[in-house]
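Marked as ATP binding site by TrEMBL: Ala32, Gly33, Ala34, Gly35, Ser36, Gly37, Lys38, Thr39. Residues annotated as domain 'UvrD-like helicase ATP-binding' in TrEMBL: 11-502.
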Amino acid sequence: MKQITTNTDLTSLNQKQLEAVMSEEKRLLVLAGAGSGKTKTLIQKLEYLIKDKKVKTSEILAITFTKNATNEMIDRLIMAADFSGDYEALFKTKRKVDQITQDRYTYLKKYKWVKNVSISTFHSLCYKIMKDWGTKGTLNNFNDNSFRLILDSKSADEDLNSLTAKETRGDVLGRILIECCEDKNFLIDFKKYLLDYLVDRIDFTPSKKGKDYPTNYTSLNGTKVRSKSEQYIADWLYRHNIKFIYEPIVNIKKFDFKPDFFIPEANVYLEHISNLSAPMAAKEKELLEGGKVLVKTYESQTKDTAFFNLILEKSIKGRLPLDYKYDSSLNYEEEFKYYHKEVNDFRKQVLTTMDMIKVENFDLSSVANKGKKSAHERVRKFYEFAEILIEKYNEYCVNKSYQDFNDLILGTIDLLKKNNTLLDTIRKRFKYVLVDEFQDVNSLQVDLLTLLLKEDTQLFCVGDDWQSIYGFRGSNVDYIVNFEQHYPNSNIIKLDVNYRSTPNIVGASNELIKHNKFRVDKHIEAFKEGNSAIHVFEGETEEQNIDYAIVQVKKLIDQGFNKEDILFLYRRSNMYKAYFEAFKKSGLFVSSKTIHSSKGLESKAVFIIGLTDGKGGFPDVWLSDIIFQTIKETKHDLLLEEERRLFYVALTRAKDHLFLMTQKDNPSRFINEIPRKYKREPKSVDSEVFKIYQCDCGNTVNETDNYCSKCGSKLSKEKVTLDQKLLSASNLGKIKGKSYNEVIAKMTSKKYILDKYTITAEGEKIGIKYNEGKNGDKWIVYPESLAELL
Ligand SMILES: Nc1ncnc2c1ncn2[C@@H]1O[C@H](COP(=O)(O)OP(=O)(O)OP(=O)(O)O)[C@@H](O)[C@H]1O
């Protein structure tokens, strides 16, 4: 084999990183804090194995979680191979995605050995195994190799799109639902479920009759009625194809009134009487005098459904023509035309249920049976429908030979278990298995991984339990926290130097994460020096926060920061909407991302917005719906810990500057969990007064100065008056190289707010003005802040 050379420089590693790279341990976890060089160590390990240990490239399997991570790894290997530095130089130029892919392809042809290393996501690994080893062309077989992928939408992974079914999982499930609704009973039952639980959401309403008690219920034909019993009557009529008018206005002789129902074809009025009903006597008399038939039903009768049905049969059916057609065909389109959103939500719930069952490797019928025994009617009903739909869905996918992402892993596990030759071949081939982001693995992935290992396979995992943020998708932080239990005779190396962030950012994130119970203890130290504090800004309104952000962003841009250097992060996309509009208006360009998608990134300045407490803020702990709790229970405490890890990820993306944006009187608990010493918080105006002293020559001097630095004259403390403490508009202009008029125009063009005070300009005076009572107005300036605004 041709000698592979790379420009790997092991001397750039610290002691622990080096130890990890050179380790011969069969089961090793490199457990690290943010910015401590996990990715760097993993890549160096790859290079070390190939270049120094002369391991055959085909014997290495490196597993990542995303296509981006795979590409990053490939790019770093190409850079290591490319001594000319040309490939690295390309990254400094602006390129379109297509161009990046093309360049990668060109260089992979040049450095073929990089291509020989199996670097793939779990999914693409399984895809390949299934395609290469699945049973050839045997439809209806779980291990069929002529399958196509079925996804929720177009894949972000271009390579996968050509291999993907045209229809999405949602399309298929939707069609199966329509087919099931050809059975009228199914349709009516399903519509009732949808109206009760996704439209009226009756189970989310307090059971006690109070002001929150629902004022109406949607009946099967869409009429809103006032009570559950009225809904029952309306539904009974609908099911029997009997038309009705709800609360028709009747005027027979003396007054207008509204009986509950009128059934024209039976020429009957129906009044349902409960203890909430208004007195009936006068209305009844009117109807009688008008020769109308009135049927009365009573709340007490509804307790026994069969009995109540009988009453309705007798009093209504008996008055309809003998040949009345009680049966009618119902059309899905017509029945659900106003409820597309709810049908869509239901479909998503079924797909999530399906995924959760697969990820946990559970059996559909056991989960469905558990669900059907739930104390909640909504859950019982959901699983009745879900079981039928999922069974039919699975049947359809097997017939069509469709596999979703979880099927790929399940299918591969199944295939490896059945096919000993294959298992043996793969185990013998991959002598080194490297896994990135190990904190994100789920049970299925661990099962697969375990299958791939022989006793003497080297398993090298890197991860950070503090950054595990995909619990909601089924990943289980336990595999990294209790690595030694899952992999007996394993070793752990902790990387504890953060090369990315300033000491305040590292200190703050260390302190924050200590509030989590479920974690491995690590103490991460900052490599960098510097004492820039974390800025906490508490505006009274979102507008104030945006104004502040604009000022700070402009300041950073003045310092030479570009788009990539400034990153706005948020828990949910809608938090950024108003910022986006304001930046667009001001012609400012910054990067922005949800925190989940910022994993692995870094930026010189990071702004975390939307840090308010409570619903819609951050943390925002949502216990999963009881439907999903049936499959996997989630607990409030653990969800809060995951939110905190998400905040940890956000904090640790920042290299030098970190801004936390919240709202006055409603800060996120996470901000309070960061000790004060790391933060620069706006304090009250009085405690923060930054006094400005002026020499007679106009030069600004410090309080402790005895002599003026400009004219050299001795400064007399007694001369300092309130007015003299003020930095005049002219002087402020001089400092910033602006004219008096420019300063005043700028300050008065917009109301800048500092803390809760408005900065105003009046003549030469500029700053914060507040009323001192009989001594007149008092002015205070924050020179630093004012200068920032200019
Ligand atoms: N030994 C080292 N000496 C100097 N710089 C280092 C060293 N190790 C890592 N770095 C630098 O630290 C930064 C973070 O490294 P890397 O991205 O590999 O960390 P990470 O642990 O994967 O981060 P995270 O998990 O937070 O995304 C990079 O800029 C990297 O070049």
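Cβ from N, Cα, C; glycine included.
Owing to the predicted nature of the structure, the values given are computational and were not obtained by experimental measurement.
Structural mapping of features recorded in TrEMBL.
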residue	record	Cβ contacts under 8 Å, 6 or more apart
Ala32	ATP binding site	Lys38, Thr41, Val462, Gly463, Asp464, Lys494, Leu495, Asp496, Lys522
Gly33	ATP binding site	Asp464, Trp466, Leu495, Asp496, Asn498, Asn510, Lys522, Ile524, Thr652
Ala34	ATP binding site	Asp464, Trp466, Gln467, Asn498, Arg500, Ser501, Ser509, Ile524, Tyr648, Val649, Thr652
Gly35	ATP binding site	Asn498, Tyr499, Arg500, Ser501, Val506, Glu602, Thr652
Ser36	ATP binding site	Asp464, Leu495, Asp496, Val497, Asn498, Tyr499, Ile524
Gly37	ATP binding site	Leu13, Asn14, Gln17, Leu495, Val497, Tyr499
Thr39	ATP binding site	Glu72, Asp436, Val462, Gly600
Would you count the other CB atoms within 10 A of the CB of Lys38 (ATP binding site), including those on all shown protein chains? 24
Of the binding-site residues Gly33, Ala34, Thr39, which ones put their CB under 6 Å from ligand 1? Ala34, Thr39
Around the ATP site recorded as Ala32, Gly33, Ala34, Gly35, Ser36, Gly37, Lys38, Thr39, what other same-chain residues have a C-beta within 8 angstroms of the site's C-beta center? Asp464, Leu495, Asn498, Tyr499, Arg500
